[in-house]
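Undergrad: Quick one: this structure, given as structure tokens, is what I'll be asking you about.
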Amino acid sequence: MRKKYLSLLPGLLVLLLFPMGPTAQNSKACALQCPPNSSCVNGTTCRCTPGFISVSGEIFTDPLESCYDINECGPPSPVYCGISADCQNLEGGYYCTCSPGYEPVSGATIFRNESENTCRDVDECSSGQHQCHNSTVCVNTVGSYRCHCRQGWEPKPGLWYKQMNTICKEISFPTWTAPSGIKSQALSHFLNRIQDLGRNFSSASVLNTVGDLVQETGDLLETPGDLKTLPFSEQHFVVPNLLFGLENVLRGVSKALPKGSFTFNSSAGIELSLEVQAPSYRNITLIQKQTKMMLTWDAVRDSGDSGLAVVGLLSTPGMDRFLVEAPLVLDAEELTTLHETHRGLLQETSHILLSDVISAFITNKDTENLRSPVTFVFQHSVTPGPREKVHCVYWEHGQNGSGHWDTRGCWVTSTRDNSTTCQCSHLSIFAVLMAHYSVQEEDPALTVITYVGLSLSLLCLLLAALTFLLCKAIQNTSTSLHLQLSLCLFLAHLLFLTAIDRTESKVLCAIIAGALHYLYLASFTWMLLVGLHLFLSARNLMVVNYSGINRFMKKAMFPVGYGVPAVIVAISAASRPHLYGTSTSCWLHSEKGFKWGFLGPVCAIFSVNLAFFLMTLWILKRKLCSLNSEVSTLQDTRMLTFKATAQLFILGCTWFLGILQVGLAARVMAYLFTIINSLQGVFIFLVYCLLSQQVREQYRKWLKRIRKSKAESEKYTLSSRTMSEGCKHSEET
């Protein structure tokens, strides 16, 4: 029986192996073709294992492709492990863990999804897992911790506040450097007392130290001793340095104060207000008897510093007696505005301090350009008068050790009879100062001279223009130049006389200012052409080229005379159109040197005309042997010289007087400028019309014609009247 079963084994083995043969062979072929991290699907297709993928996707047919790990923790669809947990990628998978500073409640350090998340904050401070230095205090935060300095301590140099590596040291008393070169027993005694306070200083006694500092400063200001006998220049150096030194010490020792508001007073009336708080978004307001300060915490906090911030306001009554005659320097824009509000001469005669001198300081030492301006409200008992101007000022150190009151970065937002509100973009020593100005209002005599002179000039310019236009005997290139000059001056004077003070409409005033700018520049340009023609005429005495000169002048005079001023005005109007017209007159604004759009060309033309004049005199001085047909006699040469002299004086030097209206001679120059310029038309009519023999002869002819016409008219009128009376007598008889 056993042999029978053994004989059946080969056949059974064949039956078992027959169906398995092809599959085994295909499996062996797939194993050779599919890359790592994949499995065979059939003889031509492979599938990446879970957690991997190929370029073609999960299933691919290209045997050269590879299966890459899928980053389940990255984009485009990262796995969300829940709050305070992080996804960690693995090759072919991922897992979730609690973020640093957190631990799982369940005890499982690894989980798969948000539903398994049991992470909670770890209190590193109570568990002893922190690394804070023994000079700091550990404060737990959500997910981490910080190392705070103890009260009365501060981070060592180079280390930040509230960091894990913060190391602190006890706050020390800042060094107070004495002003150099000042000999004063009172000041030396004061500095010795300050050094004693510094030697005995500790963070526990900071309140007493601050109070003693305020009292010592008050005692020095109340009984200054020989400090008051120092020269003003040394007082202006010592006293501000005293306040800046006190400010520096208070900024340092106040860091040892706890949170809160503090007020310190001295017997001399000095008042110190301190606010010590953690950073926040609310505003800070410090109120004293005579002063109030408002600013934001954003302007207070040091960048990168999240510790306690200190804001201080120190008022020092009686400080003004040490700053007597301290100079005042106004901001350029404010000075321009101040001058343009008055038409007359403006000069500061004196100034006084209306308010207490205050010192404002914060934790941040970089206060040159605050993120937002600080606001001060000063109370004062003196009401500014009509010729008194209130300024918000700060103390600016000078290069020579002294200093002055300055207004840059400070401005008045409002002022009343007994208070003034200021805003400043920086912190320093501040005060409200009232300056008294001696204002010369519009002089009635100058007004009368202006109106009478310009009216007379308008009449003379009109007569001159009619003469140049109608008198054929004198019509030439020179006459054409003088005709255009007379027309431009006539229109400029007429517009000035009728519209210079039409400031009601800003647009209309700007148009008037632009028109005056153009007309006066055109007048000066024609003056230049007249000077050029005069020089060329004199030069013609030496070279026979007069016809060529006339052709050149006829072609160039109109494009130059009217084109050059148009270009200058167009550039000025395009660059700063808002500077045409001021609050008091329709003329050019002084801001940013805008008036040089007029003064620059005027000075250039004056210089060129002066050169023409000198060269003309040099030519005419020479002994000429022969003269051409147009300039044929020595008398014509002398007249040419006279015209050259009158030309420079009338059309150049008179305007130069306007630039000299400064200092003690300003009033005299103002009268000379007004008289001579208002009579410019009279001078032109006198020199170029009445002093011309040809014009005088033409005037005689016109007068004879007028008299003859008048006589004939009277004769005709008398004859008509006689005939009328005869007819009437005949009818009666």
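Positions of Cβ are set from backbone N, Cα and C atoms, glycine also.
These came from TrEMBL, pasted as-is:
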- 69-108: domain 'EGF-like' (DOMAIN)
- 121-159: domain 'EGF-like' (DOMAIN)
- 262-440: domain 'GAIN-B' (DOMAIN)
- 446-692: domain 'G-protein coupled receptors family 2 profile 2' (DOMAIN)
- 713-733: region 'Disordered' (REGION)
- 1-24: signal peptide (SIGNAL)
- 448-471: transmembrane segment (TRANSMEM)
- 483-500: transmembrane segment (TRANSMEM)
- 512-536: transmembrane segment (TRANSMEM)
- 556-576: transmembrane segment (TRANSMEM)
- 596-620: transmembrane segment (TRANSMEM)
- 640-662: transmembrane segment (TRANSMEM)
- 668-691: transmembrane segment (TRANSMEM)
Undergrad: Mind checking how the domain 'EGF-like' (69-108) divides into helix, strand and coil residues in DSSP?
TA: 0 helix, 16 strand, 24 coil
Undergrad: For the transmembrane segment (448-471), which stretch among 483-500, 512-536, 556-576, 596-620, 668-691 has the most Cβ pairs under 8 A?
TA: 668-691
Undergrad: Could you tell me the mean pLDDT over the domain 'G-protein coupled receptors family 2 profile 2' (446-692), as a whole number?
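TA: Here the predicted model's pLDDT, averaged over the domain 'G-protein coupled receptors family 2 profile 2' (446-692), is 78.
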Undergrad: With DSSP as the yardstick, break the domain 'EGF-like' (121-159) down into helix, strand and coil residue counts.
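TA: The composition, in the requested order, is 4 helix, 16 strand, 19 coil.
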